[in-house]
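Enquirer: Before we start, here is the structure in question, set down as structure tokens.
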């Protein structure tokens, strides 16, 4: 029975995504290759002062990304600091400096780590004009960067990789906005609230009083998922009945998170001129996704551990309406994309079940990954995979007709090293700096023993990979975590983007080498297997030691 | 000099772009969705309000609420919801799970205590207490319990209200919500709606 439920649920999701794959992927391919602007867009481009037909070199494109992100950071920071004087702030005061920085970094970096409890901290204006706007544009930035890498593979001898502003506006207005309007209405049908009512005090049936929250939730909920952002309107995130009221909205939320990341391989295949290449990337992503989903579902249904066994099931931190399989599905989707939304509390998962979200993030969030970041992460791994294959047979590695030379492999290798460095350094420093260690242990860690170490490891894994989910028992609203995680989120987002744009530039500049009998075919099952293997091995070698200190030790004890 | 000028120019472009995005994606988009919600789907958009027989608002059908007295002791004449970690329990302004890990001693003790309390409260064996009854939900606002937990409480509620047990059991069974599409999620019983129907039963 259990297996049937889990499989039927996953099959429904797979069917919907399969139906979306071609139309959505093709739509995005046209969107990012067309040279026709809408009239209203031409007006907007004049207003911001750019020439939409002017192509940019990779450094110029990067300057656009960085300038836009710095401005976004300052906007969100300033709005939080000014909360007391903004309308619809529900009487909430200005957000403190450290928390404002952390939150601004978090939303600009498409992470949506939340050191705060939203209903106690953020008024409606900050949520809709600050945070929700970043949900749109940080997602659009991610897709834009991925598209430049795809262009890099597609172009020959080109000094340019596109125009950042055009990619940004099109992604925001022609892709994310229309899908969000439709999705928000679907969510309201399911029961997600959309109002400006603030809190309403009611007398309950038993004569107690209860404060019912309101808010423009559906409009923010949909882009939180569609843009793989993850920052909840409420503290309980997608477990809150006003964010995710039913089992079918839960499935719909999974569709929202996966739609764009799983359709981007089609876009990639389209633009490089071979749909088969897209299917190969899709196959790698889907394989890893299925393995991870099966593992988490089995571990949570198994319910090992003292508390779950005593209770008769791993239901602590899970909602009755989704059950274990609806929770495992959401947890897998959320951490294999860069969403980080939760509909169940990962901190209360079984020990090995709680390791799965961590492993998903440690994979680099490439199966299918965040909007854009998943595709560029996977393409970087593909570069590594062809390089390894090239070493094995003693040939110059090529991918899609582009030579993977020293410059390309250096950029790809640096990319692979960024997040592990941030994760492991951040976790280690939390316990190595004397003053910090006491604070972390006394203030931040919630669960005693090994599980407490896992909370810190989870936090840095989540921040550095721009996920945003948490072992939420951790009190992260402290000077150390607000600062360290804020820095980890920014570096974990923007260093890889610099490297990807540089890679895109160097690929675009190359001519294409014709395929020969010695060229490794990159659209066959053999390559899919190789790429799955490379992804898993790179992750396993990096993180196995630290996992033995945390969830593995707890789970095997 | 020219680099500085380029950087300044790029930032000026970025500022203007961000203002446009804030107006369109922040303000206009939110207002449009709110307008559609309020005009077309006002019941859902305003929180699926639940009313008693006299039309008084008693909460939201989607948000769980406490059926305990001022001291936090469960009221035997009402069906009881799951344990809640939201504030002092079902605090609509502080949604939260317990976030206690599987080996957390406090959680283990809490589950033991809840088990024996529920068994005694309902006059059943500890082994019959289902898992959802002794575990706090993710949101702390879970409006549902499992059909098993609802049925387990029927005898107590019937006894307390002087109703025939069969009538209360029948009521619970009529309120069991099957899985969406037959296979999504778990079967549920909405505690507030069940208790509202219970109150009407006596009418």
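Glycine too: its Cβ is placed from the backbone N, Cα and C atoms.
Sharing the features that TrEMBL gives for it:
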type     : residues  : note
TRANSMEM : A:60-78   : transmembrane segment
TRANSMEM : A:90-109  : transmembrane segment
TRANSMEM : A:129-154 : transmembrane segment
TRANSMEM : A:175-193 : transmembrane segment
TRANSMEM : A:251-268 : transmembrane segment
TRANSMEM : A:280-302 : transmembrane segment
TRANSMEM : A:373-393 : transmembrane segment
TRANSMEM : A:414-433 : transmembrane segment
TRANSMEM : A:484-507 : transmembrane segment
TRANSMEM : A:527-547 : transmembrane segment
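Could you place these features in context, so I can see how deep they sit and what lies close by?
Expert: Beyond its flanks by at least six residues, the transmembrane segment (A:175-193) meets 27-28, 31, 136, 139-140, 143, 213-215, 217-219, 221-223, 225-227, 241-246, 248-249, 252, 256, 259-260 of its own chain at Cβ-Cβ distances under 8 Å.
Residues 9, 12-13, 16-17, 20-22, 24-26, 28-29, 32, 143, 146-147, 150, 175, 179, 183, 186-187, 190, 221-222, 225-226, 228, 238, 244, 275, 277-279, 281-282, 285-286, 326, 329-330, 333-334, 337, 339, 341, 343, 368-372, 374-375, 379 of the same chain, all 6+ positions outside the transmembrane segment (A:251-268), place their C-beta atoms under 8 angstroms from a C-beta of that stretch.
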Enquirer: Considering only the recorded stretches A:90-109, A:129-154, A:373-393, A:414-433, state which has the highest number of Cβ pairs under 8 Å to the transmembrane segment (A:527-547).
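Expert: Most contacts with the transmembrane segment (A:527-547): A:373-393.
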Enquirer: Are there residues at least 6 beyond the ends of the transmembrane segment (A:280-302) whose Cβ is under 8 Å from a Cβ of it, and what are they?
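Expert: Here the qualifying positions are 2, 6, 10, 21, 261-262, 265-266, 268-269, 314, 324-325, 327-329, 331-332, 336, 349-350, 352-353, 356-357, 359-360, 363, 366-369, 374-375, 378-379, 382, 522-525, 527-528, 531-532, 535-536.
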